Structures are given as C-alpha cells and as structure tokens.
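Trainee: Can you read through this structure? Questions will come right after.
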C-alpha cells in the first residue's frame, strides 16, 4: 500500500493548489446536490460560513470541533507515514473514553486537578494505544490486513462499550445509557475561564484547554516525524518496507509503535470531548470523529500545518453545517458527511485526477 | 422443533442481504479490487429503491433503481481504483461516507421525514410468498413443518438469492470463461495481461456485477424488510458481509455459510434478549453481536484456519510498457 506517490509538481503547488482544487471540486458537487434539492448553494454557503466564523460562539464551537479533528487527523497521518491506513481511530477514541472514565471514577474523589488531569490524559493515550496495538501486532506478526482488522475492532469496540456503558458504568437510576457526571476536578478548564483569567471575555462554548494541547501535539508531531531518528525510520518503513528491513531497521517494532502513537493521538480527542465538554461518557460520544480524521489527514497531506488547516475547515463545516440545518429546514447536518466523503474521494482516491493536468501546466510554463 | 424452525427461518431472512452483499464483494475482491464500500452501496440502494418504490408503487422498479444506484457507486469505485489507480481502501471509505451523507440529504428534501422515507404501501413492497400446498401439509410432522415453516413464506429476493444468484455466481466464478479471467486478474494481473486479457475490462465487469448484487441487498432491506428507508439502516451489514467473505476465504459457498452462521448468531441473540440461561444467567446481547467480528479477526490472524486473500488485491494495475 502506497500513499502519495512522488509528485512532479513543485512542492508549493502540491501543498496549496492541489488541495484547493480538490476542495473546490468537492464543494462544486455539493453545490449541485444543494441545487437539486431546491436550495440556493451560494446562500447556503453564506449561512454556513457565517455560522462557523461569523460570531463569537460559532468560532468557539468551530475551534472545539477543530481540536477533535486535529487529534484524529494527526492519528491517521502518523499511521500513513508508516504506510498504514488506520481506519480504527473511531474505536481507539471510544476505548480512550473508557480509560478516562475509569480513571476519573477511581480518583476524582481523592486527587486534585493537577494530578488527575495528566493521569486522565495518560489513561486516554494508553487505552487508545492499547486498542491500536492489537491490530498492529496482528499486522506486523501475523500478516492480517490492518484495514480489515481495524474495521472489525471498531465494531468490537462498539459492542464492548455499549455493554460497559449500558450495564456496568451507567449512572444508577438513570434511564439513559450514560455515566455519572465527572467530579469538577476532572474538568478541563473552559476557554472562557482561561481567557477570563487574563482579562479577555469571550462567549461561553465547549472550547477548552485541550485546544492548546492539540497545537502542542502538532509541533511535537513535526519534530518527531521530520527531525528525529525514529521519525526517519517511520518514513522509511512507509516509503519502502524492504529497504528499511535491509537497512537493519526493526520493521515490526516501527509498525507497532506507529500504530500505538496513532491510537494515543486518537485517544486525546476523547479528552477534548469528555473532559472538555460533556463531563460524562455517553453512548457513541465519538460520533464519527475518527473517520473525519481520515479526510483531514488526506487533505492536510499528512503535514501538521495542513492538518491544522483542514481540521479547521472540517470544524467550520461541522459547526456551520449545524447552523445551516437550523436555518434551512430542508438541509440536514449530514450534508457535511457528503462534503467529507467527497473530500476523501478527491484528495485520497482521485489524487491522480488533477495532478497530471497541473503537472503538464507547470512543465509548459518552464 | 417449532422453536428451531422459527430460528432457522429468521436465520435465512437475516442472512439474505448478507449473502447478496458478500457475493457482490466476492466479484470485486476476486478481481483484485478491495471493496470496503459494500455498506455504502447497500445504503444507497436501500434509499433509491425505497424512493422509487414509493413513487411508482412498484417494488420491481424499486429493485431496478436500487441496482442502478449501487452500480453507479460501483462504477465510481472502478473509476478511482481501475482507471485512476487510486487507493482502493480510501475510495471505498469515500463511497461509504458519501452514501451516509447523500441519503439523508435527499431523503429529507424529498420526503420531509427527518431523512427517512415514508412507509411504503402494501403494493409497493415485496411480500412473503407461500409455496404451493404450504398450508395443507403444515401439520405433517418434520417434512411439513420444514416445508411450510422454513422453506415457504419468504420474499422473492430470498429465493432469488439462494436458488438463482448463489448457483449462478458459483458457476460464473469457477466454470465460466469470465470467472477464470476474473480469478486470473485477481491473482496475477500481469500474467493475465500477457495472455491478452484486458485487466481493466474484467475489473469493470466485476464491479458491475458487484453493484447489481449490492443493489439487491439494499433493496431487500428497505422494500421488503422494514418497508421504508431509515437513516443508516444498513447498520454495519456491509462490513458483516465483508467479514463473511473473508471468513469464507473468498469462495462463494463458504462465504454464504459464513453469512448463515453470522445470521444464526443474530437470530439466537434476538431470542436470548432478556432470557436467563441456566448456570450462566442472562447473556448481554452485545456478547453475541461481537462474535462475527472476533471470528474474522482470529481467522485473518491465522489462529483459526488461514484466510489468504487474492494475491493482487488492493494493488492498482499499471500496465508495463
């Protein structure tokens, strides 16, 4: 399995024109669908943009979703660099929620915030990584295909978590399958509270401190993947596994570590959702964020800067799409799924569609 | 006895869409194109067939529409993975996501029922067919019970799937010229190419069959089983079919047995819901739901037998010059 064949395009064009063109194609198709169902695409786009970026609360929600997508995008990218397609981010994030919940339930009566919060993050990363470890081990040692295994693991995680939430962790006396509320010492500080501390007042949204964590994760991702020995090995395995093995790298170990890093990053998205926003675990709280990560990583070309930008795009689409569905009763929020699918199609599947056209254009220019 | 028959009866009913989808996947994967988009194609077919059956009042037109819609997505998948040599997994995922997006969007716009379709009228649905004499010999022990309880009283698509599609697919894959070429292209496309077989043509044809069968599977769900389209109604059945296909080691009969096994587990689970068993107590339904997925993982890992995929699966064919 190879991703991102060597391109003949100049690097800047690869990183700017190509994603823009792909996004444009996706939006164009969505526009046609919007027109078919009898709405004005431009008007819808205007409502969507305003809903996502036009007012304080909208921006807060956009950045909240962006935080999720940065983590899941980085997760998919980490595996991509090793030549692996981790489609199991959803299940890994779900299991990370279990890690968080168990940690909170065990310690939120005894430990203070400063110890409990890092502990929860570690638990999220450990559970996410552990759920990715099994498919990784199976791929590296037993040769079972990682995509199929991670798909199966997504379903296994659904069943497992439905059982655990429905039968074991459910709040006593509650009708809904949801856990009890976490203690306040396990709440990630909300952005409005953090900024109020330095005298800036913003509207109250679920946006929280995890956002900074996501940005730090991007920097670390860049340093590790492009400026560390391990990152070099990771990319070598992704480019040519045989060469890596011949050069004396431990391919098995690198595949397993890459998947664990991927699972841990997915897990951090749950920190944002559970500790930052809902403060309790619901059934299916992940709500597809793991799958959005695939679109984000593909569009961001597996680079942190690209991932931040495309996470922002999908955050804006998610939030703007919600606003749009309120404003237009004829449009559902699944419209965003359609855009997401088209982005995956154009950026991932049809990556060879626009590139030769562009490449010949650049050649002629020389 | 009666319990057992009704259990097997629902096994057949539940397995039908799985069988159709697994055989659909078989065509594609045997030709060397991975298909994780079965789920999306079934969902789209379920929507298209329900919409057309609702509008025309004719289930057969619904079936046609479902097959057409699923084939369109198959062709998209073929365009990406055969013509543009794109990543087949990503393409499949795109198909799934697009299907999850477009069906509720169009559904809401056309029917204003939160993305679902209205309940279909009786004439617009497929119905159970009673085989001749089913009622009159229902009281004959064993044979009569099996005939009237198990074999009779299914929808036409069930009979089509088991009596027409399955033998036809088995014959096509193993005994026909197209089947030989299909397998050759999936195992070693370069050799097939050298022998003068057009890899592109075979893969497109395989995906054409794939789309038509997915369309039947989706139609079964909406136009027969529930009698309406419901958002995300496939609920992982496409992946379950994929699991059955792997479980059957990419062979038609074994894949169908995998589907029957998974469907049986499902039928048992529905009956065990809330019923305490001796010694073990009540089994949570999730424990049984998870069985197919765990089995597939174990099988892929070679812990229970070994599933060897077609050799060229997932690799775009680039004709050497």
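Cβ atoms are placed via backbone N, Cα and C, with glycine included.
Under the heading transmembrane segment, TrEMBL lists A:12-38, A:58-79, A:113-134, A:146-166, A:209-227, A:247-269, A:281-299, A:305-324, A:336-354.
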Trainee: Please check if the transmembrane segment (A:12-38) comes into contact with the transmembrane segment (A:336-354), where contact means 3 or more CB pairs closer than 8 Å and the residues in each pair are separated by 6 or more positions.
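Mentor: With 3 or more qualifying Cβ pairs, these stretches touch.
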Trainee: Find the member of A:58-79, A:113-134, A:209-227, A:336-354 that has more C-beta pairs under 8 Å to the transmembrane segment (A:305-324) than any other listed stretch.
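Mentor: Going through each listed stretch, the top one turns out to be A:58-79.
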Trainee: What else in the chain is close to the transmembrane segment (A:247-269), if you only count residues 6 or more beyond its ends and a Cβ gap under 8 Å?
Mentor: 67-68, 71-72, 74-76, 78-79, 81-82, 84, 86, 88-90, 92-93, 95-96, 99, 121, 124-133, 135-137, 139-141, 146, 210, 213-214, 217, 230, 233-234, 236-237, 241, 286, 289-290, 293
Trainee: Given a Cβ distance threshold of under 8 angstroms, which distant residues of the chain, six or more beyond its ends, lie next to the transmembrane segment (A:58-79)?
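Mentor: Distant Cβ neighbours of the transmembrane segment (A:58-79) are 50-52, 85-86, 89, 92-93, 191-192, 202-208, 210-211, 214-215, 217-218, 221, 225, 234, 258-259, 261-266, 268-269, 272-273, 276-277, 289-290, 292-294, 296-298, 300, 302-304, 307-308, 310-312, 314-316, 318-320, 322-323.
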